[in-house]
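Chemist: Handing you this structure, nothing more for now.
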Amino acid sequence: MEFGGGLVATFVVLATFALLFVRRIGRYPLSRSVTAATGTVVLLALGIVTPARALEAMSVQTLLLLFGMLVHVVALARSGFYEWTATRLVGLARTPRRLTLGALALSAVLSAFALNDATVLLLTPILIVAADRGDADPVAPVLAVIFGANIGSVATPLGNPQNAFILAESDLTTLEFVVALAPVAAVCLVVAALFLLPITPSDGVLVVPDAAEFDRVWAGTSICFVAGTFLALLVFPGVGAGTIAASTAVVHLAWLQGFRRVAGDEIFAEVDWSVLVLFAGLFALVAGLDGTALLEAVESIGGGTQLAAGAFVLSNLVSNVPTVVLLAAGLPAEATADWLLLAAVSTLAGNATPIASAATLLALEAASDENVRVPVRTLLLLGVPLSIVTSALAVGVLSLTLG
């Protein structure tokens, strides 16, 4: 790439990345997916990236894996499973402290297998209503959902979009991913619980809400499809992860049409297609950096602590998904230890600030929709030290276990 073209490409990509988590400029709303797509169109219009190169840069397996999991999550949500699970949690918790710790654990478990973005969107409103009925401060349960969703999603490649990308792009198998990172998630979850205890009152009694109705057969079958997808990823490491997830999703849709008389189009209507558009745009944007000094600088970043530090800082500047796609450009597929480190630190960094993780931002917006304001100062006071401690723990644990 010529010198001038490299500067223009770098400017366009950095400007696009900077705008990815700006939600509004004055009265004008911004969407992450549209921002990424617009940046791609600018690169195409300037001739910096050709249509063929943009298509070549797309990770088909990543897009298929995300598509499959989005379908599974929507199908499971339509059964009423999330509402039932949340109301059951309130019934078992009885006190604000146990509700907060229960929300942390529930959010972590659900996020490990069914995308953390969906988990926070579905759990946050229900737990806020439960806390309100019990005259309890909803801030602690919301923070618990955020911390649990980010930490729990570390454990598996199905937990968040960046993990799905890492599984598709690296030489890691699902089993290697889980064996390495599930213990990291478990340790970090205990740390998060310790951080939440001081802001959660131990006294008080919650009002148990009426049990939510849900279709048990539908929910049970949808859970089996999610579990089956995970099991297939473990058993067939040689088959593309996206191929497996998309295939089981199609069968899931066929089951809903045949046994629950729910048209597949109804599920498609609720799928968050913007996630796929965002990733497609990010792939093309990173392709636009080919031959630039910025990409050379990224590729020169070493592994280990250098990679961890870069992932942590960048995640809190442009969020973890763009960070992972960018840093992945400098990682060979066989550098599995570095891929695991990137997955762990980029995700755990998401607890630090509202922009570091889409799940964090979505939970705050869901709380705002329920007229609950989670003070950013409170999130920062807890989230920044929590993300630093857990990221350091992840580096330490992985260094010990992987050598």
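Placed from the backbone N, Cα and C atoms, the Cβ positions cover glycine too.
Dumping what TrEMBL says about this protein:
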- 25-349: domain 'Citrate transporter-like' (DOMAIN)
- 6-22: transmembrane segment (TRANSMEM)
- 34-52: transmembrane segment (TRANSMEM)
- 58-78: transmembrane segment (TRANSMEM)
- 99-128: transmembrane segment (TRANSMEM)
- 140-160: transmembrane segment (TRANSMEM)
- 172-197: transmembrane segment (TRANSMEM)
- 217-236: transmembrane segment (TRANSMEM)
- 275-295: transmembrane segment (TRANSMEM)
- 307-333: transmembrane segment (TRANSMEM)
- 339-367: transmembrane segment (TRANSMEM)
- 379-402: transmembrane segment (TRANSMEM)
Chemist: Tell me, what is the mean pLDDT of the domain 'Citrate transporter-like' (25-349)?
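Modeler: Mean pLDDT across the domain 'Citrate transporter-like' (25-349) comes out at 93.
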Chemist: Looking only at the recorded stretches 6-22, 34-52, 172-197, 217-236, which one has the largest tally of CB-CB distances under 8 Å to the transmembrane segment (339-367)?
Modeler: 172-197
Chemist: Short question: most Cβ pairs under 8 Å with the transmembrane segment (58-78), which of 34-52, 99-128, 172-197, 307-333?
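Modeler: Looking at each of 34-52, 99-128, 172-197, 307-333 in turn, the most contacts to the transmembrane segment (58-78) are made by 99-128.
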Chemist: Any chance the transmembrane segment (6-22) and the transmembrane segment (307-333) are in contact, meaning at least three CB pairs closer than 8 A with a sequence separation of 6+?
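Modeler: Contact between the transmembrane segment (6-22) and the transmembrane segment (307-333): present.
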Chemist: Which residues of the chain, 6 or more past the ends of the transmembrane segment (99-128), have a CB below 8 A from one of its CBs?
Modeler: 69-70, 72-74, 76-77, 82-83, 85-87, 89-90, 92-93, 134, 136, 138, 140-153, 155-156, 158-161, 185, 189, 192-193, 196, 200, 206, 226-227, 230, 272, 275, 357-360, 362-363, 366-367, 369-370, 372
Chemist: Would the transmembrane segment (140-160) count as touching the transmembrane segment (172-197), if touching means at least three Cβ pairs under 8 Å and pairs must be 6 or more apart in sequence?
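Modeler: Output yes: the transmembrane segment (140-160) sits against the transmembrane segment (172-197).
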Chemist: Residues of the same chain, at least six outside the transmembrane segment (275-295), with any C-beta under 8 angstroms of its C-beta?
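Modeler: Residues packing against the transmembrane segment (275-295) from afar: 1, 6, 9-10, 12-14, 16-17, 32-37, 39-40, 43-44, 48-49, 53-54, 56-59, 62-63, 66-67, 70, 117, 161, 165, 321-322, 325-326, 329-330.
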Chemist: Are there three or more C-beta pairs under 8 angstroms joining the transmembrane segment (172-197) and the transmembrane segment (379-402), sequence spacing 6 or more?
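Modeler: Yes, these stretches are in contact.
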